[in-house]
Amino acid sequence: MREYKIVVLGSGGVGKSALTVQFVQCIFVEKYDPTIEDSYRKQVEVDGQQCMLEILDTAGTEQFTAMRDLYMKNGQGFVLVYSITAQSTFNDLQDLREQILRVKDTDDVPMVLVGNKCDLEEERVVGKELGKNLATQFNCAFMETSAKAKVNVNDIFYDLVRQINKKSPEKKQKKPKKSLCVLL
């Protein structure tokens, strides 16, 4: 079974943990408890293939940013999360993306831009068009989600698996060649 290393990044309080826990455990975490680093594993089926996702839920707070380079180096796909209710969280994404591209040393990195908390429409300050435009600029997928209302949560991770598969298809294991041996 192929394994996928997915890293969830974004500012503090945008709902990275809520999205991850909703996907992995199907529960919504109501209280905010800043994450240092949590790792989750979940087996899913995407396009008929069994996949093991290893999801790294990272710290959004500044004091843990030194660990980011390591996450980015090992990650195969990235979820960049902002809150539609906080402009500053949207503004932080440019630097995060640049850091990913620098660490990976390529522009072709599987990535999904996620505007979370779409259930809080009345508190929206970041328009959907802004998210779409940034995703176009980043050349990546875009989704608005709600961990609370379970909107598009699974789609984020399935989309990333498909992007990773497209970028680096799994190589079929070749059977070792058998050679004939003659003993005299």
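Just so you know, the numbers here start at 1 and follow the chain as drawn.
Cβ from N, Cα, C; glycine included.
Among the features that Swiss-Prot reports, GTP binding site is placed at 10-17, 57-61, 116-119, with the record citing similarity to another entry. Positions annotated as motif 'Effector region' by Swiss-Prot: 32-40. The annotation cysteine methyl ester is assigned in Swiss-Prot to C181 on the grounds of similarity to another entry. The S-geranylgeranyl cysteine annotation in Swiss-Prot covers C181.
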Open item on the list: Excluding near sequence neighbours, so keeping only residues 6 or more apart in the same chain, what lies with its CB under 8 A of G13 (GTP binding site)?
Closed with: Y32, G60, S83, A86, T89
Task: Among G10, K16, T58, the most crowded of the binding-site residues [Cβ within 10 Å] - done: K16
- [ ] Might you list, by sequence position, any residue in that chain lying six or more from C118 (GTP binding site) with a Cβ less than 8 Å away from its Cβ?
- [x] I84, E144, T145, S146, A149, V151
- [ ] Check K16 (GTP binding site) against DSSP and tell me helix, strand or coil, would you?
- [x] helix
Open item on the list: Can you tell me whether DSSP puts G10 (GTP binding site) in helix, strand or coil?
Closed with: strand
- [ ] Please work out the mean pLDDT for the residues of the motif 'Effector region' (32-40).
- [x] 77
Task: Three-state secondary structure, which DSSP defines for C118 (GTP binding site) - done: coil
